[in-house]
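In what follows, a single structure is set out as structure tokens and then discussed.
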Amino acid sequence: MSALPSKTIMQERNGGMMPMSAFVKGHKRTPSDIEFQELTRRDAQLAMNKELQKLCTTAPEGVHQKAKQEFENFETLFARFLRESGTALEWDKIRLLQDEAVRNYSTLPDPSSEKAKDLLSKLVVVKLNGGLGTGMGCTGPKSAICVRNELTFLDLNVQQIEHLNKQYGVDVPLVLMNSFNTDEDTTKLLRKYSQIKVSIHTFNQSRYPRMNRESLLPIPTSFGPESADGWYPPGHGDVYQSLHNSGLLENFINQGKKYMFVSNIDNMGATVDLNILNFLLDESNGPAPEFVMEVTDKTRADVKGGTLVEYEGKLRLLEIAQVPKDYVDEFKSVSKFKIFNTNNLWISLNAIKRVVEDHTLHMEIIVNPKTLDNGVNVLQLETAVGAAIKSFEGAIGVNVPRSRFLPVKTTSDLLVIMSNLYHLQSGALEMSPKRSFPSVPLTKLGTHFTKVKDFLRRFASIPDVLDLDHLTVSGDVTFGKDVTLRGTVIIIANHSERIDIPPGAILENKIVSGNLRILDH
């Protein structure tokens, strides 16, 4: 059985591989063209099915049934990938949001303490914990990286829920969606919380096979260690199906839980918010939205972030990869698309059960091209959790303060989080009242700072950034103790040069370049 030639369905788009439309400008499709495409699609699906069946036989005892279920879901995704004509939307159909589509956070009332307890009894907190810390030079789960006072992302998230449970006398469960990359290490880390009053649950997202970009056949030949680099977790859009498959969804519904609050574990602003929960569960507001996406105002740093639009009468998450090339600049316009998705989402558990079981859940496929260490070009088919917004009834956005979006994706973000700009309060970060304006400084640390261990080595102590607006550092630069940075500071050490910022230095609206060495005597 021959595999579908990749050139018949693939074209380069926005720097990545995307499904190619069956219609090419200037060419009229003939019945024979359509028949050929249909036959090659069918060929590819049969070839994939055959390989997956062989792969399934190598699954260890106890994993076979789970693997079979995941492969069925993967085949559904693969069939859509072959069939659908790319992710670009018809730009003319996009409508800016009506005022009622996004509520302003300031209009949401505070619930009383008595009511808060009842609200929290209906909540489940889910953290997306599938990522590794490789982008910051770490091994193991990203949630194990220390961010404040020797506390990790995981520590701080557990602390937040523990404080909430103690304060209101409730038992809000913390649920971690792990991947096969993070599950074993996370399980070990969770042992240290055995005395903490938090019910912690875990489930794994799916394990899908990477595909060879040319043959569109699976890379792994078995479930054994020899095929370890042939597998991938398919993005956080997998949370719906995997939560359902784990049995946890049914358990929580049976316990009377109504909503889950899902967010990235590395977003230090994504704490449980009683005002949003009250809005969802207050029956006097009318039918409750099944899906709420927290959005916040765009700045120049967020121009690539996904935004909410109306499309064919539904609220829809519009990502930059879906934008036709001619309209990318328009998409980046802060004046037209003023908000972006924080990936803090509140979703009805009963609605999740319905859309999964009725097969009405739909998310755009993200085609992620990668090159393995052995040079083989592969494709990963992924989905994003927020893209499911169109599958839920009454979905809306809530425009929240910027403080609810504090992601730590790089050491540049880590610098800000570790600084005196914030202090810790029961596992949550609060901006210092000494900061004269609420915006977070824009920081750009160069490649010498990419890995956490290199980043820490280059700072004798984290600088005072209370009055910092913008920091750019490039090249071989180190910082002494008790440095203060104010306004706009740019420090550039050119190739073969080194700059040591001396202890106690105060840099305000300064550009530093060339060589500056502080020698010990």
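Even glycines carry a Cβ here, placed using N, Cα and C.
Because TrEMBL annotations are produced automatically, they should be read as predictions rather than curated entries.
Sequence-distant neighbours of Lys409 (UTP binding site): residues of the same chain at least 6 apart with a C-beta under 8 Å from its C-beta are Gly135, Asp266. Residues or ranges marked as UTP binding site by TrEMBL: Lys142, Gln205, Gly235, Asp266, Lys409.
Note: His236 (substrate binding site) has non-local neighbours Leu128, Gly130, Met177, Gln205, Asn264, Asn343, Thr383, Ala384, Val385, i.e. same-chain residues 6+ apart with C-beta under 8 A of its own C-beta. As annotated by TrEMBL, substrate binding site applies to His236.
Here the binding-site residues are Lys142, Gln205, Gly235, and the one ringed by the most other CB atoms within 10 angstroms is Gln205. Residues Lys142, Gln205, Gly235, Asp266, Lys409 are the ones the record ties to UTP, and the longest Cα gap between any two of them is 21 Å.
The Cβ neighbour count for Asp266 (UTP binding site), using a 10 Å radius and every protein chain shown, is 24.
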